[in-house]
Amino acid sequence: MEDIEDGKENDKIDERRGKSWFSEDNNTTNEQSQTNPLRLIYSVDDDPSLGMSFLLGLQQYLTTVGGIFSIPFLLCPALCILNEDPSRGYIMSTIFIISGIATLLQTTFGVRLPIIQGSSITYVACTLAILNLPRWECPNKGDLYAMGHENRSEEWMMRMREIQGAVIVASLAEVVVGYLGLVGIILRYITPLTVTSTITLVGLSLVSHGIELSSGNWYISLTTVALLAIFSQYLRNVNTKLPIYTLVKGWHLINIKGFQLFPVLLTTIIVYFICYLLTRFDLLDDIDPARIDGNINIIDNTDWFRAPYPFQWGWPTFTISSIFAMFTAVLVGIIESVGDYYACARICGQPTPPIPAINRGIGTEGFSCILAGCMGIGTGVTSFSENIGAIGVTRVGSRKVIQCGAIIMIILAFFGKVAATFSTIPTPVVGGLLCVLFSIITAGGLTNLSYVNMSSTRNMFVLGSSLFFGIGLPQYLKHNEEIFLITGFLPLDQLVRILLSTPMFIGGFIGFILDNTIPGTPEEKGILEWKKEKNLSGNESADSTQSKIYKLPKFKFYTFKKFKEEVTSLLRRSK
């Protein structure tokens, strides 16, 4: 592992102070910025001991699991993958390794804030729009079973290759935008109303998929929703005791807000256990999707060890219509990530990220999306907002901790049965989780209205029109497909079909055109507050430009000598 601190001999300091692998003392905690609003235990540049870093990194990893394992449940039906197919686990393992690699790249060479990267719901919306084309319609289950394993695998792999090609080419644009420094220019024309309609429609467009997964057993789905609401809202400020062992204090209890930190994980475990009991005592119908024995064969059919590798599903295919559709997800991903950079900097008590760091972050994210396209996860990657919230709860914002969490993701990706275990979660449980997730995404889009004067009839017209047509037009065209046969030129017709079937493209495009053409004052549009918040004026503060956390690292390698010193220190303390 590489130590990316700028010039401190932390290994020698640790030895002098007798710091163990799981020591709770930190040699740089006292040097935290006085502007840190949360008084983080570990700030961005702090260097916890190696053991503590991996322990806290595991905690960060667990906060992202809920968002990661839900992606295959949305994609696999559209890819024509059967519920009991071990390929579900293979895709999930690939998502783990890409998330880990992307996180290491972002925290080391990108914006360098403690942000976890992961597969994005935004890309899922575009992926599903592409796979909804008639040419990608899945055969019925009977035909899939009759195909045999090889033909059945080819059936879903050719769909995945189509998505891979679209992600790779569209992500090249993100790389160009980032590394050529075009992010600030683009964001000057992306107004709060445009962002509101686009992100809100991401959540609303996926509601039907959450409902479909939930409909298999509404009792289980509603139980999931209820528990998630109780843990994340009603019990969020309740302290829970966590036993922890350190070499200095031995076993002792610490207070954490466990319900606020792990609501998805706790909910999933409890409802999964309920489903186990209902299955064990045969209280569910044989075909009820809430039974846990329906997909249990996935674990048996999955190898213990499997290494994901580039182009494992075959060489990508490149279609103009799919590529242009994926550009929409790339643009939305850029907007979301920039917002997350500012949010993470605020919660870590750091200066506003300078424009060069933001450009670097977007360029690195684009490169990670290209890797995701090469590996084949069905989506691109963006920053995880859940991770930023976890920093506020745990008060751990160390870059090293996030990097250790990324290493854990990469290691677990090679254990096929770990991902296969997630694939056995009953679909009604996932449906309940997704219903809550999509509602939060929808509300998150609406929060951008705080910048806008919504008493203005102009703004009401822009927002209402973009949401109305973003929801209504795809629904109308879904039931009147003959309207798509416009030119007779297949690539163009497919492009029109995909774009007009993508709510976030329609809503975002209409909002962009209307808000930039209808007369209105900057105050009325919310542009002044928006630019001030996002630092788009081009005037960077001295703190921002001089802050070392955004500077590229000077590497010194984590050598065998340092590893030996840490082990020696550990053995000395244990005696």
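Any Cβ shown, glycine's included, is placed from N, Cα and C.
Automated prediction, rather than curation, is the source of TrEMBL annotations.
Going by TrEMBL, these are the annotated features:
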REGION    1-34  region 'Disordered'
COMPBIAS  7-18  compositional bias 'Basic and acidic residues'
COMPBIAS  23-34  compositional bias 'Polar residues'
TRANSMEM  61-82  transmembrane segment
TRANSMEM  89-109  transmembrane segment
TRANSMEM  115-133  transmembrane segment
TRANSMEM  166-190  transmembrane segment
TRANSMEM  218-238  transmembrane segment
TRANSMEM  259-279  transmembrane segment
TRANSMEM  313-335  transmembrane segment
TRANSMEM  401-423  transmembrane segment
TRANSMEM  429-452  transmembrane segment
TRANSMEM  459-477  transmembrane segment
TRANSMEM  497-514  transmembrane segment
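Scored by C-beta pairs under 8 angstroms, the transmembrane segment (259-279) has its highest count with 61-82, from the stretches 61-82, 401-423, 459-477. A contact links the transmembrane segment (313-335) to the transmembrane segment (497-514), because at least 3 Cβ pairs that are 6 or more residues apart lie under 8 A.
Between the transmembrane segment (497-514) and the transmembrane segment (89-109) there are fewer than 3 Cβ pairs closer than 8 Å, counting only residues 6 or more apart in sequence, so the two stretches are not in contact.
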